[in-house]
């Protein structure tokens, strides 16, 4: 079984991923670009602030009523750093197969390439110590890099448990062949493979759309992985952003 790191079971939703308790690293206020994407008042996915007006997330996180929270660490507390924004425009990548989202049961031939989407905020974000954009990559990530994934996804692989605070986990950037061997679904050159081959470090349910930062550089966003999460020899898959830098920049420029 596979899951998009949100819930493919949702009619308008996606897939999600989360880090395990034993592999967490301190995350509070260290990821000022991390964004919480909601459908109505329910948390759905992570996202990444690219500039004051734009958030990047996964295309499988598409929904019909977005709300975005920036500067947030704890879901249960009203924090002084919180910024709430609506979304004026959602632009999934034109080559992402949106038909995969409508109560679709994942199949071995499914191709989740191009799993990214831009959200234009209805009001620009205020840049503060805990709300800051991150730049797009300008070069390929290096295999073996230490990567950091973050999110509010499940910290347990089967009976999902969700943290109050933003969680981070260190993962290793692996050859795509490792994911291709581990999974039946297609792994393409528009994807990255990251995890720990002995398990225990992973993204999971509701981490979708969150950042994958390798050697300090944004290189991916969480896309899909195995179910249950964190299985040994079954790393997760991330959208490879260097492949989409031109589309992202052009789309932002053409939608001022």
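Counting starts with 1 at the first residue shown.
Here the Cβ of each residue, glycine as well, is placed from N, Cα and C on the backbone.
What Swiss-Prot lists as disulfide bond is 45-61, 147-214, 179-193, 204-229. The annotation domain 'Peptidase S1' is assigned in Swiss-Prot to 18-253 on the grounds of sequence analysis. As annotated by Swiss-Prot, region 'Activation peptide homolog' applies to 18-24. Here Swiss-Prot flags 1-17 as signal peptide.
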By Cα-Cα distance, the member of disulfide-bonded residues 193, 204, 214 nearest residue 61 (disulfide bond): 204
Nearest of the disulfide-bonded residues (45, 147, 179, 193, 214) to residue 204 (disulfide bond), judged by Cα-Cα distance: 45
Inter-residue C-alpha distance, residue 45 (disulfide bond) and residue 229 (disulfide bond) (nearest angstrom): 16
Rounded to the nearest Å - Cα separation of residue 214 (disulfide bond) and residue 179 (disulfide bond): 18
Position of peak Cβ density within 10 Å, selected from the disulfide-bonded residues 61, 147, 179, 229: 61
Site with most surrounding Cβ atoms, counting all protein chains shown within 10 Å, from the disulfide-bonded residues 193, 204: 204
Residue among disulfide-bonded residues 179, 193, 229 with Cα closest to the Cα of residue 147 (disulfide bond): 193
Where residue 179 (disulfide bond) sits in the secondary structure, as DSSP reduces it to three classes: helix
Candidate with the highest Cβ count within 10 Å, taken from the disulfide-bonded residues 45, 214: 45
